[in-house]
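J.: When I checked TrEMBL for this same protein, it listed these features:
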- 103, 176, 223, 224, 225, 226, 227, 330, 331, 332, 333, 334: substrate binding site (BINDING)
- 208-210, 218-223, 290-291, 334-337: ATP binding site (BINDING)
- 8-363: domain 'Aminoacyl-transfer RNA synthetases class-II family profile' (DOMAIN)
Ligand code: ATP
C-alpha cells in the first residue's frame, strides 16, 4: 500500500468507528478532550472480546498464572520506588511556528537518529541541535523548535489531601498496571498455593500525560493495559523469556492478525536492569509501531519495592532451601492498540454490483454481534414475531441483535460494516410447516436455508 492509501485506511477506520458506534471522541458536545476516547455499543463489545481472549489464554488455560485486579490509586511511594516520579518523562519540543508539541525522540526517530526518553535533557538537546535542519514539525513541516524539556507523564491527583498543598505530596493515577502486581506478589504467594515459576495477570486502566496525541486510539491519555508478570528463578529467566516470546507471537496469529503485518523489534539500548527487551510491532497505517512489549526485567522491581517498603520480598524454595529475589519477565499490551490493529487488519472493501461493500472481516469470537435476526418485511407482524422469537431464543447464548431497520439490503450492509458474521432472515417460507430461515454468511454473501430446529446445531459448529 502507498502512503496515501495507508492514511486513507486510517481515515476510513476512524470514520467507520464513529459512524457505526465503535468509538467516539470523549466529551464531543464540549468540543472533545484531547487523546481520550469513549467506546460505543459495538466498541465496548469488541474491547470485551479482546480482553476475554487475552484472559482465556493468560489465566484460564494456565495453572501457573493467577488473576488480579488491583486499585488505580496506590501508595505514592510506589511510584518513587518504581522510578516513575523521577524518570518517567518524555522530551517535549514545541514548534515555534504553529506551536504543535511533539516528542523529540519520535521526531529524531523519523529521520533515523536514535534518542530515547531515558536520556537527559542535555543529551537530547545536543542531538536535537545537530539535526535541527532535518527534523520537521509533523503539522506545518517547518524546522524551528524550542529546546527539549523533560515532561513527566504521571497524572497527579489530590486523593485524600483535604487541607494541605496537594501538589507538594500528590497521589497518582497509576501510569502502568504492573506496579499493582509487584506489590501484591507477597500476598498472592502467601494466600495461594503457587510456587515459582508463576505469573500474575491483570487488566486495568492506566493514565499518562502523553505529549502527542495524533494517532487515534494508538496513544491515549487514559487507556487499558493487559499485563502479565512472570516470577522466575534467576537462572531460568531467559528460558522462560523465550517461551513467553513464542507464546505472545502465536497469540496474535491465533487472534487472526496477518503475519505479514507483525514483526519483532529488539531494543538496542536497554535500561540498566533489563536483560533483554523486544516489542511486537504491528504495521499500523502510519507504519510499524509498538503493539506489545515483552521484556526480561531481572530482579529490579522486587528489589526496589523491598528497599522502599522495608519488607523482605525474597522467595524461599522450601525444597532446596534456596533464597532469592525472583526475576521477572513481562508481557504488556494496551487493549486499544490491539483493537486498532484488529480493525485495520480486517477492514475490507469489495466491489459488488458496481457498489463498494465495506465490511469488517472480524473472526467470530471478536465480532461485537454474532447473529442478527430480521424479518424480510417489517410491516408483516407474523414475520416480525417469528424473528423476535428467534432473537429471544438465541440471545442467552450469543450477543445478538434484532434488526428491522430499512430494507433487507440496507440491514446486510450495516451488519457487514459492524462485522456481524451471520444474518438470519425470516421470510414467508419460515411460516410454513418444517419452517426454514435463510442464514447469510458475511464473507461469502452466500445464503443457505436452515431448518429452525437445526439452527442451534448450525451455530454450535460456527462458533466453536
Ligand atoms: P510508547 O513507546 O509507544 O510510548 P511505551 O514503551 O512507553 O510505549 P510501555 O510503558 O512499555 O509503553 O507500555 C506497555 C504497553 O502499553 C505498550 O506496548 C502499549 O501496548 C500500551 N500503551 C502504552 N502507552 C499507551 C498509550 N498511551 N495508549 C495506549 N496504549 C498504551
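Even glycines carry a Cβ here, placed using N, Cα and C.
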J.: Determine, from DSSP, whether residue 227 (substrate binding site) sits in helix, strand or coil.
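T.: Note: residue 227 (substrate binding site) is in a strand by DSSP.
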J.: Using CB atoms and a 10 A radius, I'd like the single residue among the binding-site residues 210, 227 with the highest neighbour count.
T.: 227
J.: For residue 221 (ATP binding site), just give me the three-state DSSP call.
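T.: Going by the DSSP assignment, residue 221 (ATP binding site) belongs to neither helix nor strand, so it counts as coil.
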J.: Give the distance between the Cα atoms of residue 208 (ATP binding site) and residue 223 (substrate binding site), rounded to the nearest whole Å.
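T.: Roughly 8 Å, rounded to the nearest whole number.
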J.: What binding-site residues in 208, 223, 227, 335, 337 place CB under 6 Å from ligand 1?
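T.: The binding-site residues passing the 6 Å Cβ test are 208, 223, 337.
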J.: Could you round the CA separation between residue 227 (substrate binding site) and residue 210 (ATP binding site) to a whole angstrom and send it over?
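T.: Here the two Cα atoms lie 20 Å apart.
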J.: If you count other Cβ atoms within 10 Å of each one's Cβ, which of the binding-site residues 103, 221, 337 has the most?
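T.: The most densely surrounded of these binding-site residues is 337.
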J.: Any idea of the Cα spread of the substrate site, 103, 176, 223, 224, 225, 226, 227, 330, 331, 332, 333, 334, as a max distance in Å?
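T.: Pairwise Cα check on 103, 176, 223, 224, 225, 226, 227, 330, 331, 332, 333, 334 gives a maximum of 26 Å.
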J.: State the count of C-beta atoms found within 10 angstroms of the C-beta of residue 223 (substrate binding site), not counting that atom itself.
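T.: Here the count is 20.
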